[in-house]
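J.: My questions all concern the structure below.
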């Protein structure tokens with residue numbers, strides 16, 4: 001027992017041995033394969049292709065790769081192979097520099113983003129292109145094809161054409177219905193579509209110019225009126241579909257930009273002739289995985305007026321209806337097209353494939369009976385505590401519930417409760433001061449109004465007063481400022497009592513505020529003291545009991561009883 005206590009109290013006395021399955025240190029690699037920048041495996045100068053490697057080290061103008069080769073004997077010893085970095089393209093007068101010599105009269109129309117590690121911009125003639133070092137080749141492929149009586153259509157995945165390790169250049173804008181896998185060409189297409197939609201909106205609704213003094217201020221982090229309307233509508237819909245849940249629930253919004261949910265709907269009720277919708281900029285949504293639904297399709301005209309909205313690849317199109325005119329969705333619906341972008345209206349020159357979907361706000365619903373998750377303190381004094389990850393919000397500020405969060409949770413909860421109480425008192429105090437200031441302004445305004453009323457009555461005295469002159473009912477001012485001031489005074493007195501009660505509470509202010517933090521440790525400390533106090537007495541009592549039992553067993557005399565045995569001679573004598 002004593003050795004265990006010494007080891008627990010003095011952990012530094014024990015030798016520490018580290019082990020694991022991590023990679024070896026750099027010294028071991030240097031001893032086995034040499035310094036990386038020495039390039040013992042050679043320097044690759046004919047191209048800039050990245051070899052197969054396990055580690056890479058930056059050596060300034062080149063990168064050192066720890067490569068390995070495979071042959072019929074197995075894997076050879078790794079070596080550091082150096083590959084020189086491609087020359088960077090400088091920026092001259094705000095424009096990218098000239099393209100590499102390999103790109104002369106060899107500009108590609110498309111390039112998949114998986115075929116290069118990084119890209120930059122270059123200029124050739126009066127045009128700007130993307131350029132990169134080609135790492136692999138790839139052929140063009142088609143995804144999500146639809147053949148429902150119309151011409152097959154889908155999104156084409158761009159290929160990679162060129163020599164591996166050499167520079168390639170390609171256009172900034174890919175051909176229509178060709179995707180580079182989320183690379184720069186897809187980003188340029190999204191910006192182009194957004195700009196074209198802005199032009200359509202400006203042509204229908206001219207932009208108003210405001211005076212700088214009349215320009216509205218940007219909204220802060222508070223919830224605006226539109227979001228409150230969305231929350232109200234969501235609660236009304238929930239009240240209709242699930243009244244029991246709507247009676248007591250939380251409606252939770254995600255932080256940051258909200259992405260609505262998109263559910264594909266049937267187009268049986270769609271009316272292609274309606275054109276009373278208002279276009280807006282496309283916004284990103286979260287399409288829900290769904291089954292087969294009909295799609296809207298319009299082929300490309302192969303001219304500069306086409307607006308490629310992309311191809312909806314999150315749903316399998318059961319059929320495809322061809323439309324050559326502008327389309328408007330129904331109320332509460334939108335067209336979801338490529339890259340999960342939703343359009344409230346499709347212009348006449350759109351091209352691509354879209355799905356009609358209903359939009360719902362991204363709101364999480366938590367029942368009022370369930371606990372609302374809040375963060376917990378997992379690390380106290382450098383040691384990780386066993387704490388409940390999710391605790392109720394309304395009960396988590398109390399003392400009893402905080403015991404479940406660990407030994408340190410009680411002190412933190414009590415201190416947090418104290419700070420919250422002070423904060424609430426200060427907030428209510430500030431609110432009462434604000435109401436008092438508003439009441440002063442109202443009193444001043446009332447005095448001005450009464451003065452104006454008396455002046456108007458004097459001016460219209462010959463006509464019987466202002467009321468007869470206007471042929472209206474006379475209005476009189478009912479001054480209730482005294483009632484408001486009395487309520488504010490009572491509120492301030494109550495706040496002062498609460499502040500004094502918190503200050504006089506020894507449980508919260510004892511030992512200069514350290515008592516709430518010491519209380520969690522007093523229980524275990526008191527238990528340890530009781531254990532070491534009564535353990536010797538209990539040990540003595542048990543030892544004495546065992547000794548008495550042994551003595552009583554060993555002290556008893558051994559009694560031997562003799563009995564006369566019958567012999568066979570006596571039996572024969574009787575005979």
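For all residues, glycine too, the Cβ spot is worked out from N, Cα and C.
Note that the structure is a prediction, hence the values are computed from the model and not measured.
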J.: If you check Swiss-Prot, which stretch out of 237-240, 241-244, 245-248, 249-252 is marked motif 'CXXC'?
T.: 249-252
J.: Of the ranges 467-475, 476-484, 485-493, which one does Swiss-Prot flag as motif 'CX6CC'?
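T.: Of the candidate stretches, Swiss-Prot labels 467-475 as motif 'CX6CC'.
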J.: Using Swiss-Prot as the reference, determine which range in 411-461, 513-563 is annotated coiled coil.
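T.: That would be 411-461, per the coiled coil entry in Swiss-Prot.
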J.: Quick one: what's DSSP say for residue 271 (N-linked glycosylation site), helix, strand or coil?
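T.: Reduced to three states, the DSSP call for residue 271 (N-linked glycosylation site) is coil.
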J.: On average, what pLDDT score does this prediction assign to the motif 'CXXC' (249-252)?
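T.: Residues in the motif 'CXXC' (249-252) carry a mean pLDDT of 75 in this prediction.
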J.: Spatially, which candidate from the glycosylation sites 239, 266, 271, 316 is nearest to residue 126 (N-linked glycosylation site), comparing Cα atoms?
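T.: Closest by Cα: 316.
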J.: Using only C-alpha positions, which one of 239, 316, 322 is spatially nearest residue 271 (N-linked glycosylation site)? These are the glycosylation sites in the record.
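T.: Smallest Cα separation from residue 271 (N-linked glycosylation site) among 239, 316, 322: 322.
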J.: Look at each of the glycosylation sites, 239, 349, and point out the one with the fewest other Cβ atoms around it within 10 Å.
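T.: If we count Cβ atoms within 10 Å for the glycosylation sites 239, 349, the smallest count is at 239.
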J.: Going by DSSP, how much of the motif 'CXXC' (249-252) is helix, how much is strand and how much is coil, in residues?
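T.: Its residues divide into 0 helix, 4 strand, 0 coil.
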J.: Quick check for the class: what is the C-alpha distance, in angstrom and rounded, between residue 316 (N-linked glycosylation site) and residue 266 (N-linked glycosylation site)?
T.: 13
J.: Out of the glycosylation sites 239, 266, 322, give me the one sitting nearest to residue 349 (N-linked glycosylation site) by CA distance.
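T.: Of the glycosylation sites 239, 266, 322, 322 has its Cα closest to that of residue 349 (N-linked glycosylation site).
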